[in-house]
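To start, the structure itself, in C-alpha cells.
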Amino acid sequence: MNIIHSADGNYEVTLMTKAALHWTGLVRWEPPAIYKSSCLINVEFFPFDEQLCSLKFGSWTYDGLQVDLTHAEQKDEDPAKQLEPIEDGIDLKDFYRSVEWDILTVPARKTEKRYPCCTEPYPDITFQITMRRKTLFHTVNLIIPCVAISFLTVLVFYLPSDSGEKIALCISILLSLTVFFLLLAEIIPPTSLVVPLIVTVIVLNVHFRSPSTHTMSPWVRKVFLNILPRLLAMKRPKMDKELSNHLLIRSCNGFETFELFEPFEKTLEYSNRYSPEVRKAIDGVRYIAEHLKREDDESSIREDWKYVALVLDRLFLWIFTTACIVGTFGIILQAPALYDNSKPLKAAGIEGKYNSYDEIIST
C-alpha cells in the first residue's frame, strides 16, 4: 500500500515492526509510516482562505481481484454501498491541534478505476481534508501593519505641493512598504507600490506651471476653479483687485480731504500740457506701472495654477482614500471563510483530556 502522488518519493517503511498472527490464519501488520503529499494552494483570499487537500491510497501491484480496499467504517458488504462517501473518514484521536490551520471536514471515498489495458478494477481510497487558516496571526502581523502603512499616504496630500517633504514622505512610505514586503515575501501576494509617486509628479507638474509655458484653457478654469472646489468643499479667498480712485490730500491747515483722480490712461491725453521733462517722467512712470501690472497678471495666473494643483491634490486625496477603503474591505469581504461558521473538528487525543496547555505542561 502506498500513497499516490507522493511528495518525497520514499515508499519504504521506516520501522519494521512485528506482525501479529491469529489462530484463524489472519496476519496483522501495522508498520508506522510518515507520508508526504502535495496539494494545490489557492491564495486568492489569503489569509482568509480554505484549502482542500487529497490523500489517495492504493496498491501499485495488485488489482481489485487480488487485494480489495475497504474503509474501516464501511460495514456494508455490498460493492455499490462501499463506493458511497464516508463523512468522518479520518480518525483524529492522535491528531495534535495545529496553530495555523483548523480542520473542517475529513470525508473519505472509495473509487475503482479501470485502465484500457486491463479489465480488472484498481481500487483506491481518497481522503479529502478541508482546512481553514487561522487568521489571528496574519491579521495582527500582516494586514493591520500593511493597511496602516498604506493609509499613511493620505498625509502626503495634506502637504504643500512645492514642499520637499511631500516627496520625501512619499518615498519613505514606499521604502517602508518595500522593506515590509521583502521581510514577508513568502506569505504576501505581490502588489503595486508606485501609484502615490505617479500622482505626486502630476500635481507638481501643474503646480509649477507659469504663463510663459502653459496657457490655462477655459474648460480647465471652469472645472478646476469653479466646479470641483464646490464639490470638494474648498473655498478660495477672494482678492480685491479694484484699485482705489481716491487720493488723500493733506492741506497746510492740517485738514485731510479725499479727491478722486481719473485713471492713468486718461491723463495721458493731456500730456501736451506738460513740459518734455514731465512727459518723459510720465512715460517712465507708465512703463513701471505697465510692468507692475503685467507682473500682477502673471502672478495671478501662477496663483490660479497653484490652486488647480491644490484642487488636484484634494481630488487625489478623496480618490486614494476611497480606493483604499473600498479596495481593502472589498478584498477582505470576498473571502468565503469570513462567512463560514462551521466549527473545526476536535481531536480526541491528549488535548481532549485537559482544559489548557498549562495542565499538559504540569503533568
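Note: Cβ is positioned from N, Cα and C throughout, glycine not excepted.
What TrEMBL says about a protein is an automatic prediction, not a curated fact.
Here is what TrEMBL says about this protein:
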DOMAIN    3-135  domain 'Neurotransmitter-gated ion-channel ligand-binding'
TRANSMEM  140-160  transmembrane segment
DOMAIN    142-243  domain 'Neurotransmitter-gated ion-channel transmembrane'
TRANSMEM  166-184  transmembrane segment
DOMAIN    266-331  domain 'Neurotransmitter-gated ion-channel transmembrane'
TRANSMEM  315-339  transmembrane segment
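Mean pLDDT, taken over the domain 'Neurotransmitter-gated ion-channel ligand-binding' (3-135), works out to 82 on the 0 to 100 scale. Taking H, G and I as helix, E and B as strand and the rest as coil, DSSP gives the domain 'Neurotransmitter-gated ion-channel ligand-binding' (3-135) the counts 4 helix, 43 strand, 86 coil.
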